[in-house]
Amino acid sequence: MMEGARPPQLECPMWCVLCQGGQAWLQQVRRWAAEVLWLPTGSLGFRLPQLFDIHQVPRVYQEEGIISGYRHPRSSALDCVLSSFQMTNETVNIWTHFLATWYFLWRFSMLCGSLDFLSESYTWPLLVYMLLICLYPFTSSCAHTFSTMSPESRHICYFFDYGAISLYSLGCAITYGSYVMPDCWVNTWLHEYFVALAVGNTLVCTGLSCYSRLLEMEFPRKSKILRTAAFVYPFIFDNIPLFHRLLLCCGDSFSHNEASSSHCYHLIFAFLTCFLFTSHLPERLAPGHFDFIGHSHQLFHICAVVGTHFQMEALLADMTSRSAWLMVNTAVPSLLGTIGALVLGVLLNLGIIAVFSAALLRVPGRRPASHAVAAQGCPELKE
Ligand SMILES: [Zn+2]
């Protein structure tokens with residue numbers, strides 16, 4: 001290790017408390033990790049960025065129950081990228097969704113080899129869905145990486161994150177409308193307008209979730225309720241056909257097929273995802289113990305990815321097993337109802353993000369009252 005170089009700051013997590021001897025083992029792991037993480041950067045002539053405690057960063061960066069491991073609130077883009085190789089309170093958030101992106105890309109590439117996405121219109125809903133389940137974890141990973149460049153960049157990063165989640169819900173609606181709709185609802189008005197309503201839902205979802213960021217400091221409870229509602233509402237809408245199929249369409253031929261168990265696993269993980277997002281457990285019960293590993297946002301990311309995996313498996317099973325019946329009883333998916341809806345959704349979401357970003361940047365006096373730096377004992381952070 002280079003002279004003067006310090007290993008990255010790591011807090012002792014809960015494992016120390018859970019098992020005797022765990023602390024010594026953990027210290028050994030920390031030494032190895034510090035050497036692995038520190039030597040290459042040291043030999044390349046730069047140091048990993050310094051980390052801060054909660055009272056040293058502006059309120060906008062502070063997370064409930066997370067005491068340490070904060071990055072500099074005015075990090076450069078390079079520092080943000082470097083910090084993903086350093087143990088901070090965001091590192092696992094970044095990697096859980098970055099690795100998930102590659103997993104879904106790999107699944108997508110396998111499907112490209114077995115399905116004809118170009119000419120077979122029956123596969124277009126799946127094409128849109130696969131694109132969006134690659135997009136949302138990638139956007140999230142980027143948002144977590146670059147969210148400490150400035151308070152404004154933090155808000156804009158998460159505007160994009162919310163936009164990608166909103167588009168993912170649109171992708172769910174397109175596939176559910178095409179492959180999951182119960183037999184008894186096929187060709188009804190709901191089936192006909194399902195995607196159009198879902199496009200409208202993305203406006204509500206992205207608009208509400210972006211707006212909730214502007215309320216975060218002054219009205220944290222209201223902000224949390226609004227943001228949760230913004231994501232729960234399109235989820236419930238998308239899953240109405242599935243709920244009806246699983247709970248009420250017992251007599252239908254495809255109500256309980258091989259996809260049902262995967263659909264149920266997806267719903268369980270979706271519930272867990274929502275619970276973790278709203279509860280801030282476990283770090284709320286033991287502030288400071290889960291700063292680096294095990295806090296609710298990391299578990300939230302993992303549950304979201306596992307849930308999406310089961311959802312993808314369920315959709316593939318439904319798409320395959322119901323293809324003959326759907327081909328006979330419904331119109332094949334149209335370009336307008338699949339790729340067209342995606343393009344419209346992307347444009348509308350970019351428009352909403354542009355409006356909120358412009359409002360944030362152009363009216364400094366109306367920025368969230370969160371940018372004052374506490375900077376106790378850390379003069380370099382004062383703005
Ligand atoms: Zn996240």
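Indices start at 1 and increase along the chain as displayed.
Keep in mind that glycine also has a Cβ here, set from the backbone N, Cα and C atoms.
Annotations in TrEMBL come from automatic prediction, not curation.
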Legend entry - Residue in His144, His155, His191 which TrEMBL records at the Zn(2+) site where His297, His301 also bind: His144
Legend entry - Cβ neighbours within the same chain of His297 (Zn(2+) binding site) - under 8 Å, at least six residues apart: Glu63, Asn93, Leu276
Legend entry - In three-state DSSP terms, the structure that His297 (Zn(2+) binding site) belongs to: helix
Legend entry - Contact check, the transmembrane segment (335-361) vs the transmembrane segment (92-109), 3+ Cβ pairs under 8 Å, seq sep 6+: no
Legend entry - Chain-mates of His144, His297, His301 with C-beta within 8 Å of site centroid, Zn(2+): Glu90, Val92, Asn93, Ile94, Thr96, His97, Ser140, Gln298, Phe300
Legend entry - Cβ-Cβ under 8 Å with the transmembrane segment (193-214): same-chain residues at least 6 beyond its ends: 155, 158-159, 162-163, 165-167, 169-170, 173-174, 176-177, 181, 223-224, 226-227, 229-231, 233-234, 237-238, 241, 337, 341, 344-345, 348-349, 352-353, 356, 360, 368
Inset, instruction - Using DSSP with the three-state reduction, classify His144 (Zn(2+) binding site) as helix, strand or coil. - result: helix
Legend entry - Least surrounded among the binding-site residues, given as His144, His301, when other CB atoms within 10 Å are counted: His301
